[in-house]
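Engineer: Questions regarding the structure given below will be posed in turn.
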C-alpha cells in the first residue's frame, strides 16, 4: 500500500487527528448513532444493525415475556407445594434447564424436530418460496419457533428457582400468617399478598437479564442461520470488522439502559410510594 493510500485511509477514519480530537469525535458519533463504515461491506454500520435489529428484539422480548409468565407460574406452584411431588418435579425441570447449554439444546432441537420429525425448518428466516403480506410474517414466525423455544427453556431454570425461593420467604412471613388467620381464599392470598411482594424483585431481575439474552442470541442466531444482530456480531468478530463490533456493543448497552428504565417505570407503577425515594 502506498503512502498516499495510507494517508487517505487515516483521513477517512480520523486517525490523522490528535488523540483528544479522536476521542471527542468518537463520543459525538456515538451520541448520534454514527458508528462509521463497515470494513467488510462498506455500508453504514447503523444501517447494517437496523436491518437486523427487529428480529433480535422480537426474539428476545418474546422469550423474556414467556420466561416471566411460565417461571412465575411454576415457581409459585413449587413453593405452594413445598417438598411435595410437584415441587420436586418442577425443581428437576429447573435444574435441567439451568445446566443445559443453549448451543447443545439448539442442536438437539434441529436433529429431533427439524430432521427427524420435519416439523420446523432447519435454519433461516424465510422459506425458499417468496411470500408477501401476512403469509410472510407467518412464515417468519414458523422459522423462529425453535430458536425462541430454546431461549425460553434455557432461561427458565434460574428464574424458577429464584421465584420459588422468594415465594417461600413470603409464605413464612408474619403478614402472610396474619392473612391466613383472617380466612382469606387462595386467590385472595395470591393476589393481595404473594404477587405484590413477589413482582418487584422479579421485574428488576428481568431488566438486568436483558444483556444475557442478547448475548445468547449470538450463539442461537448463528446456529439457526437467523440474520439478526447476534449473527452480525459473530460474523464481524470473525472478520475483525471493528466498527460493526463497536456498534453492536453500543446498541446492546443502549437497549440494556432502556430495559432497566422500563423496569423502573413498571416498579413505580406497581408501588407509587417509590416516587418519594
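Cβ from N, Cα, C; glycine included.
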Engineer: Please identify the range among 20-43, 140-163 that TrEMBL labels transmembrane segment.
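Structural biologist: My reading of TrEMBL: the transmembrane segment range is 140-163.
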Engineer: I need to check the long-range neighbours of the transmembrane segment (140-163): which residues 6 or more away from its ends have a CB within less than 8 Å of a CB in the stretch?
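Structural biologist: Contacts with the transmembrane segment (140-163): 55, 58-60, 62-64, 66-68, 70-72, 74-76, 78-79, 90-91, 93-100, 102, 105-106, 109-110, 113-114, 120-121, 124-127, 198, 202, 205, 209, 213, 216-217, 220-221, 223-224, 226.
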Engineer: At a threshold of under 8 Å on Cβ distances, which of 57-82, 94-120, 244-268 pairs most often with the transmembrane segment (198-224)?
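Structural biologist: Result: 244-268.
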Engineer: Who are the chain neighbours of the transmembrane segment (244-268) in space, where the CB to CB distance is under 8 Å and they lie at least 6 residues beyond its ends?
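Structural biologist: Same-chain contacts beyond the ends: 30, 35-36, 38-40, 45-46, 48-49, 53, 57, 200, 203-204, 206-208, 210-211, 214-215, 229, 232-233, 236-237, 274-275.
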